[in-house]
Amino acid sequence: MAPSQKRKSLPDDDFIHTISDNDEPDILDEEEETVPAAVAGRPNKKARTAGAGAVKGKKNKKEKKGKKGGKSAAAGGDGEDGDEEEEEEVTGLWGANDADDGAMDSDFEFVAGGGGEDGLSGFDEEGWGFENAKKGVVGAGGAGQEVKSGVDLDEIIRRRREKKKGKGLEKVEEEEVEVEDMGEVDLDLDDEVLAEDGFGMGMEDGEGGVDEEDKGGEDDDEAASDNDSVATPVQHPDDEASEDDDEEDAEEEARRKEFFAAPEETENVGKKGGLSSFQGMSLSRPILRGLTSVGFTKPTPIQAKTIPIALMGKDVVGGAVTGSGKTAAFVVPILERLLYRPKKVPTTRVVVLTPTRELAIQCHSVATKLASHTDIKFCLAVGGLSLKVQEGELRLRPDVVIATPGRFIDHMRNSASFAVETVEILVLDEADRMLEDGFADELNEILTTLPKSRQTMLFSATMTSTVDKLIRVGLNKPARIMVDSQKQTAVTLAQEFVRLRPGREEKRMGYLGPYLQDPVHRTSHYLLQAEEDCSPDPDHLRLAGAFEHRAPWKHEPGSAFRDGKVNYLLATDLASRGLDIKGIDTVINYEAPQSLEIYVHRVGRTARAGRSGVAITLAAEPDRKVVKAAVRAGKAQGAKIISRVIDAADADKWQDQIDEMDDEIDEILQEEKEEKQLAQIEMQVKKGENLIKHEEEIHARPKRTWFETQEDKKKAKELGRAELNGVRDAMKKKGAGRLSNKDKKKLDSKAERSESKSTGWKKGRAERDGKGAVLNLKKVTKPKSKAPAGRKGRR
């Protein structure tokens, strides 16, 4: 460093300049300004060698300054004598009296924000903990401030409630309390364990047909079976194909054996290390300290099997139940390998891709906390955060980049300082979702750009084993690690099903009412299938104290829910994958999902990491097939399955109360519309001012490019939505939310054709000609029936 060079160049009898001398007062400030914010917490050699003398060094500085001032005053301002006296007390460059000169970042202050001794004391209460993501948000006042939303619907509701408090609404509140008490009694009396003849039961381990209903005979059973065949939901393409391992195609099984690494290799790696604890995995001390500070004392099964294999650099395809610690399973080996990286030249070596930005934020939080005792740098690149801030972080070439596919491609194409040629590890979290059609184009663009010699790891709770999909990722003899059977829920999860009789599907909110006021379920997480399907319901639930899940750093419903300010969190399938929200005891499916895979992800938001939880599903007659699949999977693992019956009269009372909110909701929506218009006008005015003020800078910016057109992006979005929610959701728009029997039969036949890989079904001549076999058959039979009539007429 500069001080040591000055000591060698100057003679012994001359005074020595130090960093605290007045003749060079700006050296420290310049060094602090040039150090980037991302590197501020990085320990260095100086910090490691300073030790406990840092505190003493500061005290000695003050004493030196005091002595220097006293001597200079006594000598009439002779600075040289003061400096010579100061030099006599210095024992060495890094001695006890010169331990911390202020020109370094202390190793004991690398955790920003405090919290506890290790900065992680509040980990259990923080949940997502995306404070680092907030730093990248640019608001009206610049970087580091939160984005101010244009219109806050919850604030409008609060204002209306405050106005009504002064108008004598105490009587209404008393009536609501009485209704709440009635609902609790009925709810407790109707709880019963799901019987063999209940809705969704009667499914033996080896059977897949429709059995008898609650009280029906043979006639009722035939009608129910016919209704089931007409109104069954569309399954995921891989749902039926992978439902039973015994029915798998022999050819596909042979391809898997050739594609995946031999199971013996995986088992041998697991047996070599004592995997009952993290200490037996030969992990470095900084990694062990990070695991201990977070509260990880014993590896989960997926962690015990994955970490040793990932440390060897092999490709991994991993699957385990929700809440089993899959994130730490790939973060820990990544951190361990990065500890031995060359540090002279900063290089981006790891890329983690997630399907949603909320999951990316959570993964970033977990990784930064596990790496809190290391010098590994992370960057979060997701939509909704400032591009400029992210470009600045990527310019420093962080070790790990956690991103969503769209924003990663944006930086890859338009950020000149961001290079991906040195990436050594690629991780796809929730890989089965990433391999769907909605992400196909983006994932292909990323995979063709990254180096082919990389290590690739795929993880999901419903991991696909289809070789055709996995080949796209470019895996090289991956180790297949499936800890639990696929589509399996946690053992500590109790599953409840509320049956909606035919004709009562429109009164779902009435059946949901008792749960809104049930004190047993004061912390509930509502997952709705799609926003369009429940467009009026979010407003009703807001009046009941619920929040709709949006970007957490904007509206922060997760923080309000976690802090107990609200009791309900309304969310779509966007939040059904991967998110670990603290405090969720109950998950309520307002509508049954389209497939068992989505059901497993939804109910996996509770009963995580060994905790207990409850999953409640409001199931109508068209949901029978999914319910039976869920019940069968639950029975196979010994889970508790309950059938809950809510009296129709009570549901009607709740529905009437909810319908009374319609007028108030219309007024709220009108007020929201007016505020949105005002916010839009303000934004346009601000935009015009910026165009005039920064015209030259705006025109000087290079135009951002994309690898596909807007039409291609729209098609990809529609494909992703269709695969997530099923084709049935798109066809509902034709019949105002209802499907005709003809459309239902078309969808069922399409679902059967999608199962051709396992059943061996092939298109016939009629299908190849573009006409269905049934339609072609009708054309053939018509001439035969009309021919005799024509001959009689001629005679």
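Cβ coordinates are placed from backbone N, Cα and C, and glycine is handled just like the others.
The motif 'Q motif' annotation in Swiss-Prot covers 276-304.
Counting only residues at least six positions away in the same chain, the Cβ atoms of Ile302, Gly318, Ala320, Asp429, Phe459, Ser460, Ala461 sit under 8 Å from the Cβ of Lys326 (ATP binding site). Lys326 (ATP binding site) falls within a helix when secondary structure is assigned with DSSP. The feature ATP binding site is assigned by Swiss-Prot to Ala320, Val321, Thr322, Gly323, Ser324, Gly325, Lys326, Thr327.
The motif 'DEAD box' feature in Swiss-Prot is assigned to 429-432. Per-residue confidence over the motif 'DEAD box' (429-432) averages 89 (mean pLDDT, predicted model).
Per Swiss-Prot, domain 'Helicase C-terminal' is recorded for 466-684.
With a threshold of 8 Å between CB atoms, the same-chain residues lying at least 6 positions outside the motif 'DEAD box' (429-432) that come near it are 238, 317, 326-327, 330, 352-355, 359, 363, 458-460, 462-464, 473, 577-578, 597.
Using the Cβ center of Ala320, Val321, Thr322, Gly323, Ser324, Gly325, Lys326, Thr327 for ATP, the list of other same-chain residues with Cβ within 8 Å runs, in sequence order, Thr300, Ile302, Ala329, Ala461, Arg608.
DSSP states for the motif 'Q motif' (276-304), grouped as helix (H, G, I), strand (E, B) and coil, give 18 helix, 0 strand, 11 coil. Broken down by DSSP into helix, strand and coil, the motif 'DEAD box' (429-432) contains 2 helix, 1 strand, 1 coil.
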